[in-house]
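Novice: Below is the structure I would like to discuss, written out as structure tokens.
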Amino acid sequence: MNPAHLLVLLAVCVSLLGAANIPPQSLNLYQFKNMIQCAGTQLCVAYVKYGCYCGPGGTGTPLDQLDRCCQTHDHCYDNAKKFGNCIPYFKTYEYTCNKPDLTCTDAKGSCARNVCDCDRAAAICFAAAPYNLANFGINKETHCQ
């Protein structure tokens, strides 16, 4: 084998080994985004930095009904984690969307069904809650105590 080809092959193998340590993209969050779009009117990015609980983490008192939806979703994921090896952010599930109706179709009691039920409830809650633009991108350190 040509030494140049051997070096290229070695470089590809090393790259693949390095890529194996990169965490997978969360497919569940992609499904959650699709559920939100099926049930509601806002684009999912409108919720990422909303209030005290929408997006990563959450503390303090929810600012409004929509923020309470996010707090409830966080608690729902916490409960789903109690079922064995259930990691909600990475667990994919089966559901159907007939706008605006969402139906989770995995077996009841399974990790996938529990996570789907959490996302379904949140998507429906988001669709029913008013969106207060003043609560988007707030300083969580001062508003969420």
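Using N, Cα and C of the backbone, Cβ positions are placed for all residues, glycine too.
Feature list, courtesy of Swiss-Prot:
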- HIS73: active site (ACT_SITE)
- ASP119: active site (ACT_SITE)
- TYR53, GLY55, GLY57, ASP74: Ca(2+) binding site (BINDING)
- CYS38-CYS97: disulfide bond (DISULFID)
- CYS52-CYS144: disulfide bond (DISULFID)
- CYS54-CYS70: disulfide bond (DISULFID)
- CYS69-CYS125: disulfide bond (DISULFID)
- CYS76-CYS118: disulfide bond (DISULFID)
- CYS86-CYS111: disulfide bond (DISULFID)
- CYS104-CYS116: disulfide bond (DISULFID)
- 1-27: signal peptide (SIGNAL)
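I would like each feature placed in context: is it buried or exposed, what are its neighbours, and how far apart are things?
Specialist: Counting every protein chain shown, the Cβ of HIS73 (active site) has 23 other Cβ atoms within 10 Å.
Sequence-distant contacts of ASP119 (active site), defined as residues of its own chain at least six apart whose C-beta falls under 8 angstroms from its C-beta, comprise ASN28, GLN31, PHE32, MET35, HIS73, TYR93.
All protein chains shown were included, and the count of other CB atoms within 10 Å of the CB of TYR53 (Ca(2+) binding site) stands at 26. A coil conformation is recorded for TYR53 (Ca(2+) binding site) in the three-state DSSP classification, outside any helix or strand.
Sequence-distant contacts of CYS97 (disulfide bond), defined as residues of its own chain at least six apart whose C-beta falls under 8 angstroms from its C-beta, comprise ASN34, MET35, CYS38.
CYS54 (disulfide bond): 24 other CB atoms within 10 A of its CB, across all protein chains.
For the recorded site, CYS69 (disulfide bond), the DSSP three-state label reads helix. Around CYS69 (disulfide bond), taking its Cβ as the centre, 25 other Cβ atoms fall within 10 Å, counting all chains.
Neighbour count (other Cβ atoms within 10 Å of the Cβ, all protein chains): 19 for CYS76 (disulfide bond).
According to its DSSP assignment, CYS86 (disulfide bond) is coil. Here CYS86 (disulfide bond) comes close to ALA80, CYS111, ASN114, VAL115: these same-chain residues lie at least six apart in sequence, with C-beta atoms under 8 angstroms from its C-beta.
The number of other CB atoms found within 10 A of the CB of CYS104 (disulfide bond), across every protein chain shown, is 22.
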Novice: Got a sec? Which of these binding-site residues, GLY55, GLY57, has the most Cβ atoms within 10 Å?
Specialist: GLY55
Novice: Is it possible to get the count of other C-beta atoms within 10 angstroms of the C-beta of CYS38 (disulfide bond)?
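Specialist: Here the count is 19.
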Novice: Over all shown protein chains, what is the count of other CB atoms within 10 A of the CB belonging to CYS52 (disulfide bond)?
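Specialist: Around CYS52 (disulfide bond), other Cβ atoms within 10 Å: 23.
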